[in-house]
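See below for the structure under consideration.
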């Protein structure tokens with residue numbers, strides 16, 4: 001009741017500042033909306049969302065993605081298949097997100113659940129990226145280790161801010177949707193800005209210089225840990241931690257054995273793993289091949305930025321047009337179109353676009369936009385389906401587990417694509433079999449169509465999973481972990497920042 005009274009009072013205080021009519025315009029409404037969030041929550045939390053989602057993941061993730069491509073190609077001088085393999089290694093910290101989530105929920109440090117993990121994540125990012133930037137002649141294994149440590153810093157910060165968002169959503173249920181919008185907008189705007197300037201910075205200061213700049217987002221994440229308003233809880237009983245970990249693990253395993261859960265999980269893994277990732281081979285061809293377009297760093301950055309717009313359009317199209325359609329129908333058509341859209345790469349590699357009078361830059365912009373739009377449409381139903389597979393009591397941690405399964409599928413696709421590039425002898429200088437790799441990739445994208453029977457027939461409005469777990473023992477276990485707050489939002493797997501095709 002006290003919390004409700006505070007909400008009413010703060011809302012009344014803001015009413016007189018609300019822009020009337022259309023005079024304030026879009027900017028005025030946006031500022032008013034932001035002011036409401038700051039007033040209802042603590043300013044340090046809103047700042048944390050903007051820093052973690054917008055600066056660390058959005059802007060920093062975009063800069064890191066482009067810089068790493070050029071770092072592997074020009075500094076470490078690895079083959080495309082090797083770059084494909086190493087990109088999978090650096091994504092491993094995102095596959096163990098439930099572990100980070102359980103730690104931040106169940107293991108406070110110095111009486112705080114969130115602040116120390118932000119500080120730890122920021123330190124990981126600053127140390128690893130500064131080392132990449134300043135150390136000369138790094139051996140490849142050490143460089144991969146530092147990139148993986150930096151990825152772990154971003155993943156830990158992501159899980160921790162997810163938990164903060166979930167906690168504030170429960171305290172302010174009327175603003176839960178606004179919080180998700182703030183997270184999504186911060187990430188999208190940050191990524192768009194990051195991709196727009198990434199090529200320019202790589203050209204001016206090189207990939208190692210960009211790594212030095214990326215230490216700034218890590219420092220800002222550390223600052224969030226120092227400023228975040230969080231109640232102090234001394235005298236925590238650490239003896240309970242192991243029991244709660246075991247209870248949460250048993251509850252998740254019991255849920256995974258339910259047919260309505262493991263069947264869609266199997267489909268989600270296979271649908272991602274069979275879509276082989278050969279993006280590094282295409283990237284090397286775009287930039288190095290004598291017969292290719294030889295895009296500059298600036299062009300690469302702008303192409304990525306336009307692709308991020310396509311992804312945003314895909315999310316809007318799903319939200320306003322397609323979200324009420326059956327899962328099977330959506331997945332069938334999006335998977336089919338996803339396979340067909342891959343033929344644009346085939347036309348580009350064979351230079352057929354020039355015969356149609358389409359210049360390389362225009363064609364790749366169309367290719368990238370279509371790919372990202374279709375990829376987002378393909379991914380959104382899987383996200384909604386995942387949210388409906390989570391049992392009551394462990395919703396957040398189980399959702400993070402599902403996202404980890406999907407990340408394993410992405411790793412399988414990356415390593416499978418690297419193996420395909422290797423056996424077809426696609427190297428830094430040899431691209432004569434790249435067209436064949438594209439055809440094999442496109443054909444395998446059709447394979448998930450044969451496994452759609454694993455997906456339930458429901459839609460976004462259907463209840464797919466029973467609300468209670470099937471045994472009293474599990475019910476007791478769920479009650480032990482009922483306070484777990486970790487919720488991974490749309491960018492919990494962050495397919496935009498990790499694995500989207502060039």
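Positions of Cβ are set from backbone N, Cα and C atoms, glycine also.
As annotated by TrEMBL, compositional bias 'Basic and acidic residues' applies to 1-11.
Annotated region 'Disordered' per TrEMBL: 1-22, in sequence order.
Residues or ranges marked as transmembrane segment by TrEMBL: 41-63 (among others).
Residues annotated as transmembrane segment in TrEMBL: 117-135 (among others).
Beyond its flanks by at least six residues, the transmembrane segment (141-161) meets 48-49, 52-53, 56-57, 60-61, 64, 68, 71, 76, 86, 89-94, 97, 100-101, 104, 114, 117-118, 120-125, 127-129, 131-132, 214, 218, 221, 224, 400, 486, 488, 491-492, 494 of its own chain at Cβ-Cβ distances under 8 Å. Annotation comment: TrEMBL describes 141-161 (among others) as transmembrane segment.
With a cut-off of 8 Å between Cβ atoms, the residues of this chain six or more beyond the transmembrane segment (182-204) that come close are 37, 46, 49-50, 53-55, 57-63, 65-67, 70, 165, 210, 213, 296-302, 304-305, 307-309, 312, 315, 489-491, 496-497. The transmembrane segment annotation in TrEMBL covers 182-204 (among others).
Residues or ranges marked as transmembrane segment by TrEMBL: 210-229 (among others).
Feature annotation from TrEMBL assigns transmembrane segment to 266-287 (among others).
For 299-318 (among others), the entry in TrEMBL reads transmembrane segment.
Residues or ranges marked as transmembrane segment in TrEMBL: 330-350 (among others).
Marked as transmembrane segment by TrEMBL: 398-421 (among others).
As annotated by TrEMBL, transmembrane segment applies to 433-455 (among others). If you look at the transmembrane segment (433-455), the same-chain residues 6 or more away from its ends with a CB under 8 A from one of its CBs are 263-264, 266-267, 270-271, 274-276, 278, 281-282, 285, 327-328, 331-332, 335-336, 338-340, 342-343, 345-346, 349-350, 385, 417, 420-421, 424-426.
Within the same chain, the transmembrane segment (41-63) stays apart from the transmembrane segment (330-350): fewer than three Cβ pairs sit under 8 Å, each pair at least 6 residues apart.
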